[in-house]
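Database features (Swiss-Prot):
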DOMAIN    20-489  domain 'Sema'
DISULFID  C78-C87  disulfide bond
DISULFID  C113-C121  disulfide bond
DISULFID  C267-C388  disulfide bond
DISULFID  C283-C339  disulfide bond
DISULFID  C357-C376  disulfide bond
DISULFID  C492-C509  disulfide bond
DISULFID  C498-C540  disulfide bond
DISULFID  C501-C518  disulfide bond
DISULFID  C512-C524  disulfide bond
DISULFID  C575-C595  disulfide bond
TRANSMEM  1221-1241  transmembrane segment
COILED    1240-1294  coiled coil
Amino acid sequence: MPTVCLLPLLFFTIGGCLGSSRPFRTFVVTDTTLTHLAVHRVTGEVFVGAVNRVFKLAPNLTELRAHVTGPIEDNARCYPPPSMRVCSHRLVPVDNVNKLLLIDYAARRLVACGSIWQGICQFLRLDDLFKLGEPHHRKEHYLSGAQEPDSMAGVIVEQVQGPSKLFVGTAVDGKSEYFPTLSSRKLIDDEDSGDMFSLVYQDEFVSSQIKIPSDTLSLYPAFDIYYIYGFVSASFVYFLTLQLDTQQTLLDTAGEKFFTSKIVRMCAGDSEFYSYVEFPIGCSWRGVEYRLVQSAHLAKPGLLLAQALGVPADEDVLFTIFSQGQKNRANPPRQTILCLFTLSSINAHIRRRIQSCYRGEGTLALPWLLNKELPCINTPLQINGNFCGLVLNQPLGGLHVIEGLPLLADSTDGMASVAAYTYHQHSVVFIGTRSGNLKKVRVDGSQDAQLYETVSVVQGSPILRDLLFSPDHRHIYLLSEKQVSQLPVETCEQYLSCAACLGSGDPHCGWCVLQHRCCREGACPGASAPHGFAEELSKCIQVRVRPNNVSVTSSGVQLTVAMRNVPDLSVGVSCSFEEVTESEAILLPSGELRCPSPSLQELQTLTRGHGATHTVRLQLLSMETGVRFAGVDFVFYNCSALQSCMSCVGSPYPCHWCKYRHVCTSHPHECSFQEGRVHSPEGCPEILPQGDLLIPVGVMQPLTLRAKNLPQPQSGQKNYECVVRVQGRQHRVPAVRFNSSSVQCQNASYFYEGDEFGDTELDFSVVWDGDFPIDKPPSFRALLYKCWAQRPSCGLCLKADPRFNCGWCISEHRCQLRAHCPAPKSNWMHPSQKGARCSHPRITQIHPLTGPKEGGTRVTIVGENLGLTSREVGLRVAGVRCNSIPTEYVSAERIVCEMEESLVPSPPPGPAELCVGDCSADFRTQSQQLYSFVTPTFDRVSPSRGPASGGTRLTISGISLDAGSRVTVIIRDGECQFVRRDAEAIVCISPVSTLGPSQSPITLAIDHANISNTGVIYTYTQDPTVTHLEPTWSIINGSTSITVSGTHLLTVQEPRVRAKYRGIETTNTCQVINDTAMLCKAPGIFLGHPQPRAQGEHPDEFGFLLDHVQAARSLNRSSFTYYPDPSFEPLGPSGVLDVKPGSHVVLKGKNLIPAAAGSSRLNYTVLIGGQPCALTVSDTQLLCDSPSQTGRQPVMVLVGGLEFWLGTLHITADRALTLPAMVGLAAGGGLLLLAITVVLVAYKRKTQDADRTLKRLQLQMDNLESRVALECKEAFAELQTDINELTNHMDGVQIPFLDYRTYAVRVLFPGIEAHPVLKELDTPPNVEKALRLFGQLLHSRAFLLTFIHTLEAQSSFSMRDRGTVASLTMVALQSRLDYATGLLKQLLADLIEKNLESKNHPKLLLRRTESVAEKMLTNWFTFLLHKFLKECAGEPLFLLYCAIKQQMEKGPIDAITGEARYSLSEDKLIRQQIDYKTLTLHCVCPESEGSAQVPVKVLNCDSITQAKDKLLDTVYKGIPYSQRPKAEDMDLEWRQGRMARIILQDEDITTKIECDWKRVNSLAHYQVTDGSLVALVPKQVSAYNMANSFTFTRSLSRYESLLRAASSPDSLRSRAPMLTPDQEAGTKLWHLVRNHDHTDHREGDRGSKMVSEIYLTRLLATKGTLQKFVDDLFETVFSTAHRGSALPLAIKYMFDFLDEQADQRQISDPDVRHTWKSNCLPLRFWVNVIKNPQFVFDIHKNSITDACLSVVAQTFMDSCSTSEHRLGKDSPSNKLLYAKDIPNYKSWVERYYRDIAKMASISDQDMDAYLVEQSRLHANDFNVLSALSELYFYVTKYRQEILTSLDRDASCRKHKLRQKLEQIITLVSSSS
């Protein structure tokens, strides 16, 4: 056997449980999978079976030995194995999966059975795992070659004399001729004996084995028996099994499979298996059946459980786990249940069954084994419990299910394994779950199972079936695929109080009283003493103290502590108060303790700063153990902290109020006057409640207050005063105490300034002796008021608060008190007077002034003296009665009334008329304004289109639209949110569309008038989306430009961009350019702190307000960054700078180029004297050329909405030359000759430079030529090597087919995952009835044809509508595919006829989806070719997809452009030389940190997202894409040692910027090395802000060189174009190749490029590598019989139909027939599937894979074409690529069509039978009612046209189809 390196690890793991953090030991493997566990019952050593390994571990999980068992050269088809006979099948290294691990105690050896060589076993010495033997020479040595590790169970039965026996049950994987499913075998002491594993008994008729009959396998090919658990009890051997339920499973192999659990029993001494009996077994809970057995464990019941069950305590019981239902054996439901069986009950069922059979009753009832029903034979025989069978009446099956007792149900974790044992009187059950948890359950009765603890062991990794105890039952061993864990059975120490300990439910735990801890009884030193160890909650110590409170001024108070449930305390106890003070307690004869309270000094320490009370813990400390074992709360109170009498005597403590000293004290003797002491609230001085104290302004009056217990001031004490505080001023008024119950403030008047308030509340109190306040009730209020303030009219005066006693002084025209109004008495009016009403009402305003004549307008009338109640006011408006609305009436000021309908045809305008009481002249008025009746109309809505999510600001134009008081705008069923209106327009915000994109009518409701206009329609369109921003940064101030790409942007009326930072939201404007682009100004953010970080700030949210489209409100949080605002220095100290005209001006500043913005620059404008200047920008300065003008010019810089005034430029020109200077200049002309000489010398030098440049270019050309040669050589080498490599990788790939429903929906309704046809329809009964009638109507061919032809005739019936109707029709007819096929044929015939009549070329038929029939044809094939896809064509298509994906990912892929080194598409080919290295990273599995690391190959140039995708692809290989995590939800963590963990990201502070380009981070950028350890961890909330700043700082010393070189160029690659090129203004994002669509690449950039066409050799290399997979797919599709699959009937049937149509129309051109068939099937169905494999499989298709599949699909289309392909040097590369293959493919297509034509025709009857069966299989996959509801939409939309068409059609008239449809329409309408 080969030697394989293994890296097992021993860890201490922290277990996460309910309150527990105790570490437990683990043994972890990284490069194998663990399968089985065995624990030695004496030594406690642990043996672990695994794939290719067996381990021996010490009890503490330290590895002692490892034994290698594989891989082995083998082939599953070799029988006998290759070790015995040369095998014709190819041998490859095969993993040896351990399936059985048993300790043979008698022979001191380990039996380890595996999967290789047809299931041979090894015998290993227990001491060192030395291989004692490996029998593999006889057929008895081959147990089963099945690969499942948990499908085998075995039991060793030791014999008193002779060898032990091995009872073994196993799944046989369909090979029943080789392996028995159950057998009894000899375990010989000599491992090399030929008799080893031989059957215990065998003759020519009978043997110790059970085999699955071949007849059973021929009927049920999937039949097998999976053995879950085996055990011995008394003299019987038992097995729990799972097997196919042949009673419920249909013979059809593709149908649903049902399984049943059975218990098998045999006598241990039965050699002939005559005693074989099996019974169905299961459990039920709340009416739900649980029939999938998962695990079981045999144990003894605890005494309590035994008593509850009524069985002896030594009886065996079986704890069993079942999953719900009978389906999904391999992946059972997580709904599981723990059940209990007693062996006596099971044996009783079996005994009764045997007895009934021996009485001749019934049959043997074992159809899978006997293949027929054999009757029981009546045999007079006494059957007892130990009966072991005869040759007759066997084997025997049970007739009913043995039901267990349900104990515990779980619906989330998925219980998977179980173990149990007895502790004291309790049964304790341990359960492992599929989510990696351990559950602990106490079972004390059949109805008493308590889950008391859950421990997280291996998060997310299932606990396997083997769950075993250590010999002393102190630990339990759990097994998962990568880890063995040793956990203590109890963690009592986690509970810190007696209540928590004894309330936990853990039977192991009790409370050790004097040790004050939770532990086992044996761990408690004083447990044997009375009350030393508590096991019941009621036995916890209870402590009371008398007194339970003491004043802070009292010390040394003797406290008596009474206790219950305490042990002997004679050794001594001390008392302590929060460790501040401790004193020894005196033990009283009564058993109580006596403790002193703390001293005054100690009390100050305890209570300082704690106010009136402070609760501390009085603790009792045992002198025996030195432990504080009990405590009780104790209160110290401080009376002096209470400042009022009521709070003092009302406290729960003995506080006393000293009335004359105004203090609270705990000592009554401290009161200086005996009569001044108060000890109850009744004795407190207090102002009594008497309602509000009302004080009119300016009135001199005394204030008398009722009180009680008012103290009489003593000698030397001051008298009473009233203290009033108003508007910040304090007034003290002398007061007189009449007696103890009355006090009066002396005459005084009170004022407050201003008339803004009619009254104001005063701060009013009564004090004595200067500052002793008398207590007031909480409700006491004093109000100071002015009658005239805010009451200028009679009406306002009379509605004043009656308590103020204000009235209207008629002569003074003023609101006054009665005393202030001159006589006579009638001159003063008060509301209490009978008939009081104000004269001279006046209307100042009415609103609105117009309304509809239908009435309903609420008219608001404002004025004065408008009555005191609404009942006394009468109203008419424009001569029409207006009814007052009492709830909106404001006394004297405002009346709101509702207009009745005007019955006059054209009512004239008129005033509002009002009477108060009667209509006499003094009490009547009318308005100056006139009210008019109008007729509002509207004729236009603008805009007429908007997104379906609503939010569009609509303007509805018309006339008189401001009429009335209320307006409601309804768009179909939704209310448009009102904004404003005027006479010509109403503005409102559109609601969300309930129908999605659609046309909707508009209705206005103005009061009681309803206005509509059928000519005005509002159209809901698709919601706009935002797909890309450029750039993704701004400055703090915002206002920089952002270019936004998206879809449907023109439908947005007022788009805005928004940012939210620290709870503050800001927005800015956007301008839509076209439907896919808009330009926005970035919003600024408010930092809240002075200095932003240089690396930028990320807003909490960043997105767009696109009307009400929610999806755009918040984009990816981390993608937008705000950098610090630029700042500038002034022009010199004085602000003035002197320069010459045209010279450079340097403007210095900071943050001029944002830190991570690359070459995307801020747009600076520098104005000098108002004129812009040319700029050069660097990080710290702007270089500007000064203008030509002179003088003082102001300098201003504009950037991103910021303006900087830097100072003034003083531009001074040189003065004109003087005459001597001019003479000197002329004299210099003599030097001209010298200048000419200089020019000649320069020319010579230039010539030499040109020669040197020529040589340099020649050298570059030579270098380029060598690189081209190397590239071509590499491409050729890759072509030769990649094919085999790719083929090997594809072997064994699992195909993640989508289920039929999902597949069909994706093809029928592309892009709509949750289509209504998948959901139940919630409708009123009438509508449901109508839809069912509509469904019946669809089954009338005349109606359906008329319906479809009518829809197609409508100009507004779009292409999309045609596809939708076709798909909905097929769904609605899913249950009648035979009828749908006939309809489809008729529609196709009509289409052919129409095509020929319109003189179109016949070849154009079925080319596009311009009719319902064409889409129906696609859907028809979709339904009927699903099985062919799954069984035949799906495999090559999936392998092609995988091959393309893997081949693309072998080389670099640009994350921005999507270009790749390997590609079939020229458009997606990298045309540069990219240097890269392959790295192998070791990835920690996301679900389980402790599991084995997975090696993953990546490229050092991969972007981080690409690396994450490759890691996920490898870690979750074989897992459907929808069931695995997504890269965007995970962070990539690079781990260096224990502490250093770095989060890698595509962009962070180290992102490199070079000139105008910002480069995406790659693995090479982070300097990740080969062999590095990485982990995928769930993405954190702030993955960059938190993780990066922390991790990079911590690891700076290691990576400081990386950070310093953050701008150096590095090699980066990508896997797929998954990064959006988020670009800033002027900055381009790049990964591997700079996008040269930009025109601003640097000079010389092209100099580094090779001739791009050279790289087209890569296309050929990639094409050659993938050729096999393309050929396989085409061959499968274009073969009539391939891979054992016959041609689908649908293809032959449809091709024959097309030939019939051609014959009927005398079309003899073979090219036309060929084209019809190509358009019908390959182009309509296969091309769609090839381009969109995600329709068939649960996968993700990236852009490079899509591009390559498009090339394959184009080749497929070209292969089906009859036209000649004329290719030249200018033809597209994808045409040239397959140019030589297409003729061959064309021949395949022609042969395929010929072969189909030669096949026997399918009769309509046979086809109908096939279609009926297909309908039955998928009858319930879709909700037909929902489909009918969707179809009915088109009836509503084109109702009149359809009804008209039904009238015109004779057949429809004959069957009265119009009336039937109208009946349906009526039914629907009646429910709306």
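Placed from the backbone N, Cα and C atoms, the Cβ positions cover glycine too.
Features per Swiss-Prot, on structure.
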residue: C283; record: disulfide bond; DSSP class: strand
residue: C357; record: disulfide bond; DSSP class: helix
residue: C376; record: disulfide bond; DSSP class: coil
residue: C388; record: disulfide bond; DSSP class: coil
residue: C498; record: disulfide bond; DSSP class: helix
residue: C518; record: disulfide bond; DSSP class: strand
residue: C524; record: disulfide bond; DSSP class: coil
residue: C575; record: disulfide bond; DSSP class: strand
residue: C595; record: disulfide bond; DSSP class: strand
C283 (disulfide bond) and C512 (disulfide bond), Cα-Cα, nearest whole angstrom: 41
Pairwise Cα distance for C388 (disulfide bond)/C357 (disulfide bond) [Å, integer]: 14
Which same-chain residues, if any, lie at least 6 apart from C339 (disulfide bond) yet have Cβ under 8 Å of it: C283, Y290, F319, T320, I321, F322, G404, L405, P406, L407
Euclidean distance between Cα atoms of C518 (disulfide bond) and C498 (disulfide bond), Å: 7
C113 (disulfide bond) versus C540 (disulfide bond) - Cα distance in angstrom: 54
C121 (disulfide bond) in three-state DSSP notation: strand
Cβ-Cβ distance under 8 Å to C524 (disulfide bond), same chain, at least six residues away: G510, C512, Q515, G532, F533
Chain-internal residues, separated by at least six, CB under 8 A from C267 (disulfide bond): S235, F236, V237, S275, N386, C388, G389
Cβ contacts of C78 (disulfide bond) (under 8 Å, same chain, 6 or more positions away): R85, C87, H89, L91, Q118
Fewest other Cβ within 10 angstroms of its own Cβ, chosen from the disulfide-bonded residues C357, C595: C595
Disulfide-bonded residues (C113, C283, C498), the one with most neighbouring Cβ atoms at 10 Å: C283
Integer Cα-Cα distance in angstrom, C595 (disulfide bond) to C518 (disulfide bond): 28
Neighbour-count leader, CB within 10 A, disulfide-bonded residues: C87, C388: C87
Separation of alpha carbons, C492 (disulfide bond) and C518 (disulfide bond) (Å): 5
Helix, strand or coil at C492 (disulfide bond) [DSSP, three-state]: helix
Spatial separation of C376 (disulfide bond) from C509 (disulfide bond) - C-alpha basis, Å: 55
Spatial separation of C575 (disulfide bond) from C492 (disulfide bond) - C-alpha basis, Å: 28
C501 (disulfide bond) and C113 (disulfide bond), distance between Cα atoms, whole Å: 45
Nearest of the disulfide-bonded residues (C121, C501, C575) to C357 (disulfide bond) - Cα to Cα: C121
Distance, C121 (disulfide bond) to C501 (disulfide bond) (CA atoms, angstrom): 48
C121 (disulfide bond) and C376 (disulfide bond), Cα-Cα, nearest whole angstrom: 39
Cβ-based isolation winner (fewest other Cβ atoms within 10 Å) among the disulfide-bonded residues C492, C512, C518, C575: C492
